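First comes the structure, then the notes that go with it.
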Amino acid sequence: MAARLRPLLALLALAALCPQETLAQPLPTTDTWKSEGQVVDSYEASAQLCWADYREHMDLLEKDWCNWTVISRPYSALRDCLEVEAEVFSLGFPNPLAERVIFETHQLHFSNCSLEQPTLCDPPEDVLLAMIIAPICLIPFFVTLVVWRSKGTELKT
């Protein structure tokens, strides 16, 4: 067992002694931080354009914001716009900015929407009783049938 662990321990020691080479990532510099900040700023500007286009579409709707068939197209367009812009700037999606825009959308347009679900109630007692007693009565019948059929096959063999 110790022989199997020896290569793993050597690899772990190498990773601990040379962490930068094992990760194969250059050290971040102030220039890379500045360029990343510019990318995020550019993406934020693009996200604001997506948001403005979405708001324009939603303002055309007459406050029927809880009907999914009405709002699905502008909502999907917003999500697609945020995703495409994230890809343009080589950012992942979803990302914190996109999540913030979508969260703001939900707060602004969908905060008064609630999922309408029918209230479930118990069936009438006679139906409930039939649903309980029917399987209870069928169990002895099926047990008898299985035992009878299994005895018939034992006699033939």
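Each Cβ is built from the backbone N, Cα and C atoms, and glycine gets one as well.
Annotation source Swiss-Prot lists disulfide bond at C50-C81 (among others). Cβ neighbours of C50 (disulfide bond) (same chain, under 8 Å, six or more residues apart in sequence): L78, C81, L82, E85, V101.
Marked as disulfide bond by Swiss-Prot: C66-C113 (among others). C113 (disulfide bond) is surrounded by 13 other CB atoms, counting those within 10 A of its CB over all protein chains shown.
The annotation N-linked glycosylation site is assigned in Swiss-Prot to N67 (among others). DSSP classifies N67 (N-linked glycosylation site) as coil under the three-state reduction.
N112 (N-linked glycosylation site) has a Cβ environment of 8 other Cβ atoms inside 10 Å. Taken residue by residue with DSSP, N112 (N-linked glycosylation site) is part of neither helix nor strand, so it is coil. Annotated N-linked glycosylation site per Swiss-Prot: N112 (among others), in sequence order, evidence recorded as sequence analysis.
The signal peptide feature in Swiss-Prot is assigned to 1-24.
What Swiss-Prot lists as topological domain 'Extracellular' is 25-125.
Mean pLDDT across the topological domain 'Cytoplasmic' (148-157) comes to 73 in this model. The topological domain 'Cytoplasmic' feature in Swiss-Prot is assigned to 148-157.
Summarising the annotation, Swiss-Prot assigns transmembrane segment to 126-147 and lists similarity to another entry as the type of evidence. Remote same-chain residues near the transmembrane segment (126-147) are listed as none (criterion: CB distance under 8 Å, separation of at least six residues from the stretch ends).
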Under 8 Å by Cβ from C66 (disulfide bond), counting only residues of that chain that are 6 or more apart: F110, N112, C113
Neighbour count (Cβ, 10 Å) for N67 (N-linked glycosylation site): 10
